[in-house]
Every structure is written in C-alpha cells, then in structure tokens.
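Heads up: the structure comes next, in structure tokens.
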C-alpha cells in the first residue's frame, strides 16, 4: 500500500490551467474561426438552401469524399477526445473496440440500408417507417424518442466534454465560452443547411486529424515511443492512496492499479469490464442503431449524389475510424503514465481538488496532454481541433433534429404548411435547441464526469436495441407489419426503462464507493442487456406480426431489401394523408413540387432581401433557378430515388470494402 501524501500537496485544479493568452495561440484560433465562417459563407452562395431538399439533404449533390469526411466528423465529437482518452487512461485499449466495430457496421449502411432508404424516397428515418408500415404512431414515437436522445444525451456529452477541455486548458468562463461556441455553430447551421455542414465538416476533419496527429507525436516522444507506452502503462499508479475520510481509509490496489488485461481488446466474458461477446455482438446491435437508422448519420448518406458515392463515403469513414485508437486511446494511456497523481487519482477528496468530481479524473487525460506538452501556437491548434469536434457534432444534431421536428412533427400539426413556413420553423427549432442546450449546462456541469462516457453508452444500450430490431425486420422481413413493429417498440421500451430507471436512481458508483443497485437489476453488463433486449423486441415484433394481417405486396415495392429493384407501381400506405396534404416531399418528390400558390407580394426592401438571402429563404432574383415543370419535377424525383451503379466503379468500391475489412480483421486479431 502506498503512503498517503499530505492532502495539501495534492495537485490543485486551478494551479494547472494554461491560459491561451499568447499571440501565436490567439492567431491560430482566429484563423480557424475565419476559415470555418468563410467556408460556411461560400457554401451559402453556391448551394440551394431555399428548398426543403436543398436545406435538409444538400440536394443529393455531394460526392464521396465530403460524405465520408462528414460521416466521420459528425461521429467524432469532443466526447470522443475526452471520453476515449479518459477510458483509455482508466482501463486500456478495449474502448477502441467501440470505434473499430463501426468499420463493419458502416458498410452495412452503405450496402444494405442506404439503397432501401433511397428507393423509398425519404428524408427522415421515422418517415421511412411511416411508408413501410403506415399509421402515425411509430413515426411519432421515433421522432420524439430521437429528439429526447439528441437533447439530453448527445448534447449533454458534447457540452460536458467541451466544458472539461475549456476548464483544464483555458480557464475561461464556461458559460460565456460555450454560449459563444453555440452561437457560431447556430449561425452557419441556420443559414447554410446541410451543404454548409458537410463542407465545414470536411474542413474540420482535416483540422481534427492534423492536430490530433501532432499531439500523438509529442505524447509518444515524451513516453519513449510505442514500446515505452507498453512498458510503462501497467506501472502507472497514483501515489495518493489513503483517504482522510475514515469511511474510505486505505484504498485497495485493485482500484488504482491498471487492469492486467489493459493491452487486450477482447476480455474475459464474465470478469472483463468490456466482455468480448458483449463487445462483438451487443455493441454491433447498438452501433447498428447509430450508423444505420440514426438521423444524424443516415442524413449524410442520403445526400450522396449516387449509391456508388455513398458506398465510397462509407469506406472512407471506415478507414478514418481506424485512427481513434492511435490518436485518442493511446494518448490517454500515455497521459496516465506522465501524470498519474492527476489522471489516475483515486482518493475522492484529491480528485475533487484536481478536476472537481470525486469519482475520478481520467476525463482530463487529453486536456492535460495539450496543456503540458504542446508549445504556443500548437496549443491553439489543439483548441481549434476541440472546437471543431464540438461544433461539428452540435451542428449535426441541430440540423438533424430540425429535420425531424419539421418533417415528422410540425407537418402533423400544420399539414398544409408551405415550403417557406417549413424552412422558417426548421430554423426556429435550431434556435430553440440552442436555448435548451444552454439551460442544460448546469445539469451537465454538476454530473459526475467519471460516469458520463459510460452513461451515454448505457442509455443507448437500454433504448436503442428495440429500434435496431424494428429497422432490421422492416428492411429484411416483408411479413412484419405495423402492429408488430409498434408493440415491439413499446415492449422493448418498457424492458429498457425497467433497467435504466433503477440503475440511474442508485447511481453507477465507483471502485472506491460501489453502487447500491441490487445485482439482479444492475449486475448484467449493459451490452449483454442490449443483446437480450434486441432479441426480445424482435421476437415480440415477429409474434404480433404473424398473429395479425400481413401488408399486401403492392405496398412494399422498393421499401424492403428484396424488392429494392422492383419497377412496379407502389401504393403508399400513407397515400391518403399525402393526397390531403400539399406536401409531396413526404412521398419523396423534389422540393420544387412543394411550392404553394401564394398571392403576389410587393417587392421587399433591400434590407429584407439581404435578410432573406442570409436565411436561405429568398425567392427569385439573380441566380435563382426557375421553377420546375411537372415533368421536370417527376424526373428529379426519379433521380433522387435512383440506385443504379456503373459496374466498373461498383467493383472498385466492393474491392475496397473487402480490403478495409481485411485490415480491420488484422488489427482486431493483433490487439485481441
């Protein structure tokens, strides 16, 4: 047992802040923001933002490399920098399995799911289920669930992670910094639409990878190279192991020594912190929900100009997903080696002084490396990287939640809303999300940081598997109907809540102060629970479907995988609703078909014209495309739903997919 060091000599949170107050850092940060704003303005000028398809799907004009870069940048938020590095510092390499699992799942998106979404002619995922099953309750349920998850989990994680970095690296006021960050993000999200997001995502992907590569180089140099990491990590333990609290006292070495299996991706199926069956199967289920049916991700794919470009973008994203192991997880482990008394603190009162929370300070691993290792200028670059990740992730949530609310909820309230009204509501929803985000900041700041990364994974495991099951069955089992899908979702939700509510009521605890949640409620690993929940939801869906009337085949053409190439006319189950509405976009028709006949208004003033252009709502004028005829609109709709591929390029992307899977299998085996 280590000797107790005097509490007063423990590192203080305030003593280790490195303020960005030198000209080099400020210049780099300013240049970065000018670059992002410039790219956003450029995309505003060159893209069509005045229509629903142009704003929400970038007009289906994106080539493969911005699609892939945007998929990666939308997925990699500041939560990855803080969370992956922090979990790597705490338990070793296994957390990289969350990233490398996605290599295979993103291929499922490009090859199996995206073709059906395209031929269905949809903008949102609940909209697909509305076409597939009919009825309103599934679509409304998924829209509300998705918005709930966006606001209270994704935004929470990004906000907390950004706050940790700002606290540790800058010393700025948290609220002023995050509000300014949200403001800039909101400006180019509200004004630019999806095309602006995808172009800025592409720029930020290079910023993220470049800055993280530089820090990785500094970190490996400091620790003595790749071999130095694996030689020293198992000995990286804090010297502060005795608490002043008599209830805690001497802390067991089990709580502050690195795990013996820290270097293994695949761990013991019972005693491992990430059991290998759960990592391979349970994580695939949760990842399937995120990569194949989550609005943030799928919306990027639907913007690809062709199915081949979509597949190539998925491959590029997969290759980029190889990098977090080396750019985030291993630097987090190095941070524990270099600063064990801070990053690996275990005494509650010491941890509170170091990072403000008692359960541990592994979340400061990445910010600590930036503060300690990076020289002036490069430290500003790394701040820009973190801001890029945070802004990209938040902007994705803002845009996608705006799409969900506008197309799936608002059109239920105002079925005859015109194109301009929908665009205005979509932008106002973004403003509302920003207000909610800022109001949520005190809750995020008060949360125990050591539990936040596990929190987001656990919440996903309790709520996502029923959605995954329904989407898989919807695409691949034509016999599944609306009753089965709805009751499968509801039954799965009740099962998930039965695990989620007691676990978070009791708290997840820590090694020093374990949770009081009974083992029969909380003892099963959350990824194992995801497997059980997935199969129970799927079984309930199939059982109810087989006991009720099937959906006639005439309603399923190009809505299930086996009928994706069908040329027969489809009778949409939501046709009656669409005929009563003036919104052909709900049937996949192009945005121009949505224009409503409105009385001719007097010419707006110059100020009003500028304001309408800035918000992407101007009509007519120089450079505006003429309205499409009915024949042109039908041709555009067919192009949006086209999944034909050039055979030679199809073979190229297929071979690249096989190559990427081979690389992934090798890396899994090497680190298993």
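Quick reminder: no glycine exception, Cβ is built from N, Cα and C everywhere.
Copied over from Swiss-Prot, here are the features:
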- 45-63: topological domain 'Cytoplasmic' (TOPO_DOM)
- 64-85: transmembrane segment (TRANSMEM)
- 73, 76, 389, 392, 393: Na(+) binding site (BINDING)
- 86-93: topological domain 'Extracellular' (TOPO_DOM)
- 94-114: transmembrane segment (TRANSMEM)
- 115-136: topological domain 'Cytoplasmic' (TOPO_DOM)
- 137-166: transmembrane segment (TRANSMEM)
- 167-173: topological domain 'Extracellular' (TOPO_DOM)
- 174-195: transmembrane segment (TRANSMEM)
- 196-217: transmembrane segment (TRANSMEM)
- 218-275: topological domain 'Extracellular' (TOPO_DOM)
- 250: N-linked glycosylation site (CARBOHYD)
- 255-511: disulfide bond (DISULFID)
- 276-295: transmembrane segment (TRANSMEM)
- 296-309: topological domain 'Cytoplasmic' (TOPO_DOM)
- 310-331: transmembrane segment (TRANSMEM)
- 332-375: topological domain 'Extracellular' (TOPO_DOM)
- 345-351: disulfide bond (DISULFID)
- 355-361: disulfide bond (DISULFID)
- 376-406: transmembrane segment (TRANSMEM)
- 407-424: topological domain 'Cytoplasmic' (TOPO_DOM)
- 425-446: transmembrane segment (TRANSMEM)
- 447-451: topological domain 'Extracellular' (TOPO_DOM)
- 452-477: transmembrane segment (TRANSMEM)
- 478-482: topological domain 'Cytoplasmic' (TOPO_DOM)
- 483-505: transmembrane segment (TRANSMEM)
- 506-523: topological domain 'Extracellular' (TOPO_DOM)
- 517-522: disulfide bond (DISULFID)
- 524-547: transmembrane segment (TRANSMEM)
- 548-651: topological domain 'Cytoplasmic' (TOPO_DOM)
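Location within the structure of each feature annotated in Swiss-Prot.
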{"residue": "73", "record": "Na(+) binding site", "Cβ within 10 Å": "32"}
{"residue": "76", "record": "Na(+) binding site", "Cβ within 10 Å": "27"}
{"residue": "255", "record": "disulfide bond", "Cβ within 10 Å": "16"}
{"residue": "345", "record": "disulfide bond", "Cβ within 10 Å": "27"}
{"residue": "351", "record": "disulfide bond", "Cβ within 10 Å": "28"}
{"residue": "355", "record": "disulfide bond", "Cβ within 10 Å": "27"}
{"residue": "361", "record": "disulfide bond", "Cβ within 10 Å": "33"}
{"residue": "393", "record": "Na(+) binding site", "Cβ within 10 Å": "28"}
{"residue": "517", "record": "disulfide bond", "Cβ within 10 Å": "17"}
{"residue": "522", "record": "disulfide bond", "Cβ within 10 Å": "21"}
Checking 276-295, 310-331, 483-505, 524-547 against the transmembrane segment (64-85) for Cβ pairs under 8 Å, the most are found for 310-331
Please give the sequence-distant neighbours of the topological domain 'Extracellular' (506-523): residues at least 6 beyond its ends with Cβ less than 8 Å from one of its Cβ atoms. 243, 248, 251-252, 254-255, 346-348, 358-360, 450-451, 454-455, 458, 499
If you compare CA-to-CA distances from residue 73 (Na(+) binding site) to each of the recorded positions 250, 255, 345, 355, which comes out shortest? 355
Alpha-carbon distance [residue 393 (Na(+) binding site); residue 345 (disulfide bond)] in Å: 30
Nearest recorded site to residue 511 (disulfide bond) by CA-CA distance, among recorded positions 76, 351, 355, 393: 351
Cβ contacts the transmembrane segment (376-406)/the transmembrane segment (524-547), at least three under 8 Å, sequence gap 6 or more: no
Which one is it: of the recorded positions 76, 351, 393, 517, 522, whose Cα lies the shortest distance from the Cα of residue 255 (disulfide bond)? 351
For the topological domain 'Extracellular' (218-275), would you mind checking the mean pLDDT of the predicted model? 89
Residue 361 (disulfide bond) sits from the residue listed as 'N-linked glycosylation site' (Cα to Cα, rounded, in Å) at a distance of 19
The topological domain 'Extracellular' (86-93) resolves under DSSP into 7 helix, 0 strand, 1 coil
Check the Cα distances from residue 361 (disulfide bond) to each of the recorded positions 351, 393, 517 and keep only the ones within 10 Å. 351
In three-state terms from DSSP, label residue 76 (Na(+) binding site) for me. coil
Across the topological domain 'Cytoplasmic' (478-482), what are the DSSP residue counts per state (helix, strand, coil)? 1 helix, 0 strand, 4 coil
Looking at the recorded positions listed here (76, 393, 517, 522), whose Cα lies nearest to that of residue 351 (disulfide bond)? 517
Winner by Cβ pairs under 8 Å against the transmembrane segment (483-505), considering only 94-114, 137-166, 276-295: 137-166
If you measure between the CA atoms of residue 355 (disulfide bond) and residue 517 (disulfide bond) and round to the nearest Å, you get 26
Return one of helix, strand or coil for residue 522 (disulfide bond), based on DSSP. helix
